[in-house]
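Residues annotated as heme b b562 binding site in Swiss-Prot: His83, His182. Per Swiss-Prot, heme b b566 binding site is recorded for His97, His196. What Swiss-Prot records for His201 is ubiquinone binding site. The annotation transmembrane segment is assigned in Swiss-Prot to 33-53, 77-98, 113-133, 178-198, 226-246, 288-308, 320-340, 347-367 on the grounds of similarity to another entry.
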Amino acid sequence: MTNLRKSHPLVKIINHSFIDLPAPSNISAWWNFGSLLGICLIIQILTGLFLAMHYTSDTLTAFSSVAHICRDVNFGWLIRNIHANGASMFFMCLFLHVGRGLYYGSYLFKETWNIGVILLLTVMATAFVGYVLPWGQMSFWGATVITNLLSAIPYIGTTLVEWIWGGFSVDKATLTRFFAFHFILPFIILALVIVHLLFLHETGSNNPTGINPDSDKIPFHPYYTIKDILGLILMILLLLTLALFSPDVLGDPDNFTPANPLNTPPHIKPEWYFLFAYAILRSIPNKLGGVLALLASILVLLAIPLLHTSNQRSLMFRPISQTLFWLLTANLLILTWIGGQPVEQPFIIIGQMASISYFTIIIILMPLAGMLENYMLQPKYP
């Protein structure tokens, strides 16, 4: 009799994905973030489900219902704090996961990479509509400002914005539909994650060297299950530290004030994980140009496999490209800082310089560095 996990139609799929999966023997802790993202998604869906049981998507009661969850529901404060800070953990893991893909050339698995970029966009959309739900000042004005950007689309822009709003301003209809979107999108993300893994398991994982690892594979279980559990413990520790000791440190104080359409907050800014894109949006003094730059800042990831010029896959043995990669990382941190600053000098010019460098490094300098490194590695005979 064959082992059940190898013969049962359902268990067999799990076995080939998480137990007997051949994995490269040398993948580092940077490969932990995929499983951490899976755990983050499960945490967000479960805490979100319990929050949705008590939340009301009506402009008059939304803010009060969130207060009610925190005050009157058993462990409601904990569920809410884990959900709010879980989003931050999700994005921390996402950015590190994408960074790993860029550094080690994982983007050459084109289908996996493209599904990953679609996943990133979907998670960003989910976080945006979710941020509107507590109906605080920053929720309301964030929704107003960001949805208003669509009015920059020629001819159909204004109609499109009013269609999304369900009226002539962000109001009850907007809140209700955003709640509906926020509920359905995580399940769409779940489906996309399965497709992401499906394509990944067609090729197998990349590894730090970027060399074909087929000659040296080990089973996923027990080696990488144990390794993933270590990463999981550390992430849960960080998440609980955030949620229990300083749950509001990453939020905006303005969101403790109920939404008021007649009073604009002094500085409208999104959550920290959108600040880099917000800085790029603001660095262009033209509405349509800003929107296009905002889109390009994420969609440029789709072009990265086409911009790969090096004969080597990974950056592990490419010091010039490595330097550019860390410059890009520093640049993104500068953009994140600028996104949270008021629109005045010197922040305007710093933001514009950082936005230009962001696109220059990715589109021009990285491909050139790859070509230069190829040339430098060519044997030179006397």
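Keep in mind that glycine also has a Cβ here, set from the backbone N, Cα and C atoms.
Ranking the binding-site residues His97, His196, His201 by Cα distance from His182 (heme b b562 binding site) puts His196 first. Taking the C-alpha positions, the distance from His83 (heme b b562 binding site) to His196 (heme b b566 binding site) comes to 24 Å. Taking a C-beta cut-off of under 8 angstroms and a sequence separation of 6 or more, His97 (heme b b566 binding site) has the following same-chain neighbours: Phe33, Gly34, Leu37. Of the recorded ranges 113-133, 178-198, 226-246, 288-308, 320-340, the transmembrane segment (77-98) has the largest number of C-beta contacts under 8 angstroms with 226-246.
Only pairs six or more apart in sequence are counted, and the transmembrane segment (347-367) with the transmembrane segment (288-308) gives three or more Cβ pairs under 8 Å, enough to call it a contact. Residue density at His201 (ubiquinone binding site): 14 other Cβ atoms are found within 10 A of its Cβ, drawing on all protein chains shown.
Its Cβ taken as reference, His182 (heme b b562 binding site) is surrounded by 22 other Cβ atoms within 10 Å in the chains shown. Long-range contacts of the transmembrane segment (113-133) within its own chain (CB-CB distance under 8 A, at least 6 residues past either end) are made by residues 55, 57, 62, 66, 87, 90-91, 94, 98, 101, 106-107, 139-140, 142-143, 146, 170, 174-175, 178-179, 181-182, 185-186, 188-189, 192-193, 195-196, 199, 270-271, 273-274, 298-299, 301-302, 304-305.
Among residues of the same chain six or more beyond the transmembrane segment (33-53), those with a C-beta under 8 A of the stretch's C-beta atoms are 69, 79-80, 82-83, 86-87, 89-90, 93-94, 96-97, 100, 182-183, 186-187, 189-190, 193, 228, 231-232, 235, 239.
Within the same chain, residues at least six positions away from His196 (heme b b566 binding site) with a Cβ under 8 Å of its Cβ are Thr112, Ile115, Gly116, Leu119. Around His83 (heme b b562 binding site), a 10 Å sphere centred on its CB holds 21 further CB atoms from the protein chains shown. Within the chain carrying the transmembrane segment (226-246), a Cβ under 8 angstroms from the stretch's Cβ atoms is held by residues 29, 32-33, 35-36, 39-40, 43, 78, 81-82, 84-86, 88-89, 93, all 6 or more beyond its ends.
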